[in-house]
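Asks: Dumping what Swiss-Prot says about this protein:
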- Gly80, Asn111: anthranilate 1 binding site (BINDING)
- Gly80, 83-84, Thr88, 90-93, 108-116, Ser120: 5-phospho-alpha-D-ribose 1-diphosphate binding site (BINDING)
- Ser92, Glu225: Mg(2+) 1 binding site (BINDING)
- Arg166: anthranilate 2 binding site (BINDING)
- Asp224, Glu225: Mg(2+) 2 binding site (BINDING)
Amino acid sequence: MLFPLLETLYQGKALSQNETTDVFSQIVTGQVDNIILSSLLTALKIKGETPEEIAGAATAMIQNASPVKRPEYDFADIVGTGGDGHNTINISSAAAIVAASCGVKVAKHGNRSVSSKSGSADLFNAFGMKLDMSPAAARECLDKANLCFLFAPVYHAGIKHAMPVRTTLKTRTIFNLLGPLVNPMQPSHMMIGVYAPELVMPFARTLQLLGYKKALVVHGSGLDELAVHGPSMVVEIDGDALNEYTLSPSDFGLEEYPLAAIEGGVPDENKQLIQDVLAGEGQAAHEAAVAMNAGALIKLCGRAETYQQGAKMAIDAMQAKRPLQVIEASSAVSRSHDII
């Protein structure tokens, strides 16, 4: 029964990671009444979710996701929480594609839009990626093209059990924090952008609890990614160590640009803006934003020694049009399989 755990939350006390995993396993398998679920989510929100609770909920979602074979090699994901209120171009999606063209294996987990007019799924779909490809097809994309897209609704069907309550409550809950943490392929390396500075350290501690080999959590002057318009807060996770510092465009050998210079549009417009970037023909601010975030992922995954070297690798790849070749190759593999 959940009542003793609810009582714990009502008293302002935290659940353990294992307790939260048990609770959320019941939620995503449809075993929790909507009124109880509403109380649980509200109590967690008022108390403030701990890293242990967030990690426990994420573990439950991963354990109950549609299975996908995890590679033995290292691979990464780069994702933002969304919800930063700015309609920027798809920086993390473009950075994923660019990093993949520089030798990083990237399994991009994503959904339709949250904060921008065009989410990662919208963009990958515009490039011809079959969103409802099978897990086996996604794994083949990663093996052959260095890049795959994992469309969240394909893997996390259990989330539907919480949707009526989430829709009724009309407020952020722990579920809004889980999207970046529940990649069903379970990457070894992770770069997460968060929408508020106060989330940087809790997310870093959560990633530690989830056992990532290396990870970065960033917040860039109001954005859920590294910023070209100002300084970015960063916490780097390396096993048991947490290293907190600030990054600016100059650390990547890049110029600063105003926030307005990286605003996006509807999916078709975004697709063209990103296609130009991937082909080395993008606007200077767009190219810098993508190079900065791709460069950080490239360094995190050990392909570059410094952030500046990572950004240069990203720019060189874009000018050689390699990212465009990668997304086209991955999309072709995704379409070569039957629909699940």
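In case you wondered, yes, glycine gets a Cβ from its N, Cα and C as well.
Computed from a predicted structure; not experimentally measured.
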Asks: Would you mind listing, in sequence order, the residues at least six apart from Ser92 (5-phospho-alpha-D-ribose 1-diphosphate binding site) in the same chain with a Cβ closer than 8 Å to its Cβ?
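Replies: Same-chain residues close to Ser92 (5-phospho-alpha-D-ribose 1-diphosphate binding site) (Cβ under 8 Å, separated by 6 or more) are Ile78, Val79, Gly80, Ser120, Met191, Gly193, Glu225, Asn293.
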Asks: If one looks at the chain holding His109 (5-phospho-alpha-D-ribose 1-diphosphate binding site), which residues at least 6 apart in sequence have a CB under 8 angstroms from its CB?
Replies: Asp77, Val79, Leu150, Ala152, Tyr155, Gly179, Pro180, Val182, Asn183, Pro184, Met185
Asks: Cα-Cα separation of Asp224 (Mg(2+) 2 binding site) and Asn111 (anthranilate 1 binding site), in Å?
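Replies: Spelling it out, the Cα of Asp224 (Mg(2+) 2 binding site) and the Cα of Asn111 (anthranilate 1 binding site) are 16 Å apart.
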Asks: Note down the number of other Cβ atoms within 10 Å of the Cβ of Glu225 (Mg(2+) 1 binding site), including every protein chain shown.
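Replies: I count 29 other Cβ atoms within 10 Å of it.
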Asks: Between Thr88 (5-phospho-alpha-D-ribose 1-diphosphate binding site) and the residue listed as 'anthranilate 2 binding site', what is the CA-CA distance rounded to a whole number of Å?
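Replies: That separation, Cα to Cα, works out to 26 Å.
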Asks: Pop the Cα-Cα gap between the residue listed as 'anthranilate 2 binding site' and Asn111 (anthranilate 1 binding site) into the table, whole Å please.
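Replies: Just about 17 Å between their Cα atoms.
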Asks: When you measure from the Cβ of Gly80 (anthranilate 1 binding site), how many other Cβ atoms are you left with inside 10 Å?
Replies: 31
Asks: To see if you understand the setup: which same-chain residues, six or more apart in sequence, place their Cβ under 8 Å from that of Arg112 (5-phospho-alpha-D-ribose 1-diphosphate binding site)?
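Replies: Those within reach of Arg112 (5-phospho-alpha-D-ribose 1-diphosphate binding site), by Cβ under 8 Å and sequence separation of 6 or more, are Gly119, Ala121, Asp122.
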Asks: Three-state secondary structure of Asp224 (Mg(2+) 2 binding site) from DSSP?
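Replies: In the DSSP reduction, Asp224 (Mg(2+) 2 binding site) maps to coil.
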Asks: Give the number of CB atoms, excluding that of Thr88 (5-phospho-alpha-D-ribose 1-diphosphate binding site) itself, located within 10 Å of its CB.
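Replies: Other Cβ atoms within 10 Å of Thr88 (5-phospho-alpha-D-ribose 1-diphosphate binding site): 25.
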Asks: What does DSSP call Arg166 (anthranilate 2 binding site) in the simple three-state scheme?
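Replies: Assignment for Arg166 (anthranilate 2 binding site) reads helix.
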Asks: Taking every protein chain shown into account, which of the binding-site residues Asn111, Arg166, Asp224 has the largest tally of Cβ atoms within 10 Å of its Cβ?
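Replies: It comes out as Asp224.
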